Amino acid sequence: MGSKRRRATSPSSSVSGDFDDGHHSVPTPGPSRKRRRLSNLPTVDPIAVCHELYNTIRDYKDEQGRLLCELFIRAPKRRNQPDYYEVVSQPIDLMKIQQKLKMEEYDDVNLLTADFQLLFNNAKAYYKPDSPEYKAACKLWDLYLRTRNEFVQKGEADDEDDDEDGQDNQGTLADGSSPGYLKEILEQLLEAIVVATNPSGRLISELFQKLPSKVQYPDYYAIIKEPIDLKTIAQRIQNGSYKSIHAMAKDIDLLAKNAKTYNEPGSQVFKDANSIKKIFYMKKAEIEHHEMTKSSLRIRTASNLAAARLTGPSHNKSSLGEERNPTSKYYRNKRAVQGGRLSAITMALQYGSESEEDAALAAARYEEGESEAESITSFMDVSNPFHQLYDTVRSCRNHQGQLIAEPFFHLPSKKKYPDYYQQIKMPISLQQIRTKLKNQEYETLDHLECDLNLMFENAKRYNVPNSAIYKRVLKLQQVMQAKKKELARRDDIEDGDSMISSATSDTGSAKRKSKKNIRKQRMKILFNVVLEAREPGSGRRLCDLFMVKPSKKDYPDYYKIILEPMDLKIIEHNIRNDKYAGEEGMMEDMKLMFRNARHYNEEGSQVYNDAHILEKLLKDKRKELGPLPDDDDMASPKLKLSRKSGVSPKKSKYMTPMQQKLNEVYEAVKNYTDKRGRRLSAIFLRLPSRSELPDYYLTIKKPMDMEKIRSHMMANKYQDIDSMVEDFVMMFNNACTYNEPESLIYKDALVLHKVLLETRRDLEGDEDSHVPNVTLLIQELIHNLFVSVMSHQDDEGRCYSDSLAEIPAVDPNSPNKPPLTFDIIRKNVESNRYRRLDLFQEHMFEVLERARRMNRTDSEIYEDAVELQQFFIRIRDELCKNGEILLSPALSYTTKHLHNDVEKEKKEKLPKEIEEDKLKREEEKREAEKSEDSSGTTGLSGLHRTYSQDCSFKNSMYHVGDYVYVEPAEANLQPHIVCIERLWEDSAGEKWLYGCWFYRPNETFHLATRKFLEKEVFKSDYYNKVPVSKILGKCVVMFVKEYFKLCPENFRDEDVFVCESRYSAKTKSFKKIKLWTMPISSVRFVPRDVPLPVVRVASVFANADKGDDEKNTDNSDDNRAEDNFNLEKEKEDVPVEMSNGEPGCHYFEQLRYNDMWLKVGDCVFIKSHGLVRPRVGRIEKVWVRDGAAYFYGPIFIHPEETEHEPTKMFYKKEVFLSNLEETCPMSCILGKCAVLSFKDFLSCRPTEIPENDILLCESRYNESDKQMKKFKGLKRFSLSAKVVDDEIYYFRKPIIPQKEPSPLLEKKIQLLEAKFAELEGGDDDIEEMGEEDSEVIEAPSLPQLQTPLANELDLMPYTPPQSTPKSAKGSAKKESSKRKINMSGYILFSSEMRAVIKAQHPDYSFGELSRLVGTEWRNLETAKKAEYEGMMGGYPPGLPPLQGPVDGLVSMGSMQPLHPGGPPPHHLPPGVPGLPGIPPPGVMNQGVAPMVGTPAPGGSPYGQQVGVLGPPGQQAPPPYPGPHPAGPPVIQQPTTPMFVAPPPKTQRLLHSEAYLKYIEGLSAESNSISKWDQTLAARRRDVHLSKEQESRLPSHWLKSKGAHTTMADALWRLRDLMLRDTLNIRQAYNLENV
């Protein structure tokens, strides 16, 4: 009954917080409690529970450690076990369940339960009961049910049981206990929770110390109705609110329940909550079952300390008093180890409640951890979309409650992950993004999304796809994109003028008066025109198929063909977010969208037609709106046609520095123009399709154009400039591979290639700046090593090098050697005269070994020298990383060698030192006997001594072992310091003392560079007696090991001295005291409150020495000239025996020649006459014969000495191993260099070779086949130990070698430019003549044709002239290219071979015959081709021999075009013999109509020049009256034509196959070249031109479009006029019969 009554008590008494009255609340009935519990049941995520259940089944193992789930991973295959499918109608396995989990198909745990039940029932139905599968199914099903019940039905029953336990045990400790005793118990329980850690040392209670922020976690307070934390519990303990342990247990239960309700099962917080609850009840049981008889002081100290940790320093200070209690000290030390783990709770208590914290949240900014998310609110509104998108990514958690974005908070460590910064060129982290948000650097959400995507792409690029980081990236990208769409939809709702939802919105808002708003309003109007367009009759919206891009799943090929997809959604989004800098940007995107539709879909399809109609409507509407008021560019139609349209919409205002550089490179190549203003990049913008040029894709395996490069650039696929340059170089290489060396496109590719490299060089600056300066690095390493050794100190702070300063500079055993001391070495180091580590080591060891030779083994100098040598070796190995950084011969001398040398040296010196000590002791003994004899004689005279241990003088007692001041011999000296060893009184009653005298530093002989401890004195070898009356006072001398830690009582600091060494006046040397043997003093020593710092001061002679240095400055100035040269290591000639050597030759491995040391394996520059750069030779043999030195070895050549394509790129300073191996005299050597393999070039350098003389070689050049092939490496040599090896420095990070263009590139460009300049020069002469007489003759007027002709503007390719003018032929012959084709010889060969092939294959078409003729020409021998070329020499240039009668139209493509109004060429008079009636080629006037072709991709118009045949004997009229003999004069006055055509430019053949393509268009059954019947049937309204076709129209023929609407209309009008004039000529000159 009592138990039930306790359960009926309201729980509000422990959770409401109202405990001040000290009474229990009124009880409430039981049902209300149950209703409250039901309302607060945990809201568990079913998907998380399903994952936990699946993982439990998957990870369960039996007693043998086998996974039981392996039997059910996959269902049996129907082929192997067909009977399984007879028994089981619905097969399922764990793989299917896992797939459903990934697809989140389980919305409820019951669905997963049904699948698992089906899985195990299938197994039980098929397998026998004694089979392993059947037993495993039973076990796993039982495990599944138990686990499911724990997750789903965990809430009420467990809490009820816990409450019963707590209530039953409530009275065990509370009854009869005082409030103070209960408080101590509660504090112990709280302490157990607060200090509990997991095995890794993490505090379990960390997340439970404070409630989560209401700002950052508002949903927590919506779910949790009774929030509580450890801070609240600590306050209630301090306030005495808990009347029993059960009351605190209720709050702990509530704390755990809240955590498990809000967090997912399996999360870390969920587990920590269970741990806290378990710890509490374990501690509670421990207290209940043990007698509470421990020391109250210990309990109080421990428990109050825990409470003080939680509640701040203001509570229970008395319990932590200053008394030295061991128990208190124990707990204080225990807490000191824990540090400040509970500082967060203490801070929370000091600064008030949670609401106060939220109010002050704007001032709190934390850089790391969870607090970082809160700091965003201090500078940004929570409703800000930027903050929402950032916070969504940053605070996203997985099912275990872990922050998914945690690895992205900061960038990886450069020390731990150096390769990350090699692969990732633009690293970025959430912290950097947060900083940009804080500084408001993001203009739009797209900019923020761009940075987040960059961060994710970096992670995906660095990590493997199966890694955990990679999976986190995918999840975060999904979350980010979903949030971005949500924010976009929210903008749609907030934006009242959404263009898609309300397409008919008012376009004339009077509120938007600014220029920006007017521009945006115009874009909306144009957008709405496309949006509202409908098909007449059906009412179908034409834009429906353009709203969103096609699905990648349904149309995968679309994204292979269309590199830059675009849809109306994107355009609308860009308009709304002001991404377009102007109206042109939106128009470019619209045109791109329509162009994509026409490119992907077939002509005549619905989408194709809709794109054309919508584009026309858009242009018409834009024309209707007119130009912007302040847009001056719209005034001139000519300017509008010629200028670049708009700013690229993809070029955002916000670009990273790398994106800006990439854009600059791209724009530099794209916008480059030649001297005539022609843009060279036009033909490289887009490749022809496979249907247009199939053979291109057969020849070129990796096609590339500038549109693809631009799309890669906009998609952030280029991590650095080199990646983009590689694609550009590939594109130019493709152009040079496919096209002829004489073609214009070949020349344009070379020029743009040069522009590309120049632009990259300008952007990146000095390309070699990233190569480390090895000389400086070696000197820095030597400097660091020297400073480390010279500043090496012992435990007392004494520098070991101080004692070595007294070493003489010259070794007495070798007086002829140059002097060498540490001071000289220091000057060499400061002057950077060491280039080798082994030389520096030799000098250092020479000084140290001299110190060892000249001093005893037990002396301080000897020991310091050994210590410094050991320290040198250790620091040297650390700096060189045992050869990983610097590989030097110096590393061969190790500590083991040093120990052997020292031991050997000691064995030699110790016998001598023992003999010296013996002699010294005998001498001291004799001196002592003499002194005793003298004192004995004095004693016989009547003096008698009475010895004592102490004596008094002037009211002071002096004891043996005391230190005293003794009156100095001279008045101006300091008192002497003496240690009393004996005291006596003579017979006269006078008191005496005898002892050891201590010297101050100024009383010793030492170098001015020596430093001393403050208050240091030295124990001397001088002992003497002094009358006690000479004592001036007491002092204390302490040993160095005690001086800094202890201090004497009742002594002033100035009377306390420190002694570290003894001083010998005979040898004037110092030696450290190892054992303090002075008499025991009666002075008492106590520990110092603060240990004294070890401070060393300079000698008193240092100032005087400075004066001497100043006097010697003049002498040092004289020696400065010596500092300019480098110190060289001593070397010697190393002869070697050569078994197969020639007689009279003396061979060497190392030889000195002209002050240059050379060894086998070295590379040298050798004199090379007639070359730009000297060649490089490698020494493989060295010999001297008759006093002259020679070497033999292979020769390396430079790229300009090889044959290669001009577009080939080489590494800077790259050379090639040739087939040449020569013997050269040493006199031809210009200097040393180093040729490294590719691997070594990236990673290391020899230290004595300048960087400019370091060369790279990875390929061998074969002269016979002109091929470059990589080889393994150069031959290595094994030399004797006398040969000095090179020191090699290895870079910490491999360098990236830069490439440079071929040296032939510039020469080839200059040659082609000169050739084309000569061709264009001929045109200029004709143009000048044409300008003088530009009038043309008007033919008789005839009625205009009513039926317009359709020209084939987009079908007929341009075939430029084939013949080379005389002025250019000379240079063309010099250019020996294997791909050069002389088309005149080919024409002659074709005229002969065509008849032969025609006879063999009468059924072949004209195009097939032409292909066979071309194949035969390619396979023809060179000699035969030369014969045809010679045969063509007899014909006039440009005219093929005709084999038969000519009928119809004859192509004059091989002739030079002539400017209208200009005279005919001198080699073609108006009547050419053999070609009756053919007018001069190239005449373009109203009498001759050229056949218009497709303009070149470069933008220049081109056409196939044709003439019209007249009757035999009749000549065509000249273009203007002149002194030409042919033809009757024309009396009519010429009039100015309506359209004036500019002179056609001479252009080279772009592709050799273009000629064949033209021939294929001919037909044997037709009497004409063009399809004139189709041309006459074409009408303007029936022909729809695409944007590409319009761009290729020869619009520059006309000055302006005149009165016509578009330029196309004007050209249609020109076509009608030309057809009419053609008919007029035909009728006027009676050409009907031709």
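Each position is counted from 1, following the chain as shown.
Cβ atoms here come from the backbone N, Cα and C positions, even for glycine.
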Swiss-Prot annotates one residue of Tyr54, Tyr144, Tyr999, Tyr1289 as phosphotyrosine; which residue is it?
Tyr1289
Going by Swiss-Prot alone, which of Ser498, Ser743, Ser1334 is annotated as phosphoserine?
Ser498
To which residue among Ser636, Ser1500 does Swiss-Prot attach the annotation phosphoserine?
Ser636
Starting from the Cα of Lys591 (SUMO2 cross-link), work out which of the recorded sites (Lys471, Lys1167, Lys1587) are within 10 Å.
Lys1587
Rank the recorded positions Lys414, Lys425, Lys471, Lys1167, Lys1587 by the number of other Cβ atoms within 10 Å of each Cβ, and give the residue at the low end.
Lys414
Long-range CB partners for the compositional bias 'Basic and acidic residues' (901-933) (under 8 A, at least six residues beyond its ends), listed in sequence order, are 852-853, 856-858, 866
Looking only at Cβ atoms, how many others are within 10 Å of the one on Ser987 (phosphoserine)?
11
Which three-state DSSP class does Ser689 (phosphoserine) fall into?
coil
Whole-number answer please: how many Å between the C-alpha atoms of Lys414 (N6-acetyllysine) and Lys425 (SUMO2 cross-link)?
13
Give the three-state DSSP assignment (helix, strand or coil) for Lys414 (N6-acetyllysine).
coil
Radius 10 Å, atoms counted are CB only; among the recorded sites Lys210, Lys591, Lys1308, Lys1398, which position scores highest?
Lys1308
So Ser689 (phosphoserine), by the Cβ count within 10 Å over all chains shown, scores 12
Say you check the Cα of Ser689 (phosphoserine) against those of the recorded positions Lys471, Ser948, Lys1308, Lys1398; which is nearest?
Lys1308
Using DSSP with the three-state reduction, classify Lys471 (SUMO2 cross-link) as helix, strand or coil.
helix
Can you tell which of the recorded positions Ser948, Ser987, Lys1167 lies nearest to Lys471 (SUMO2 cross-link) in space, using Cα positions?
Lys1167
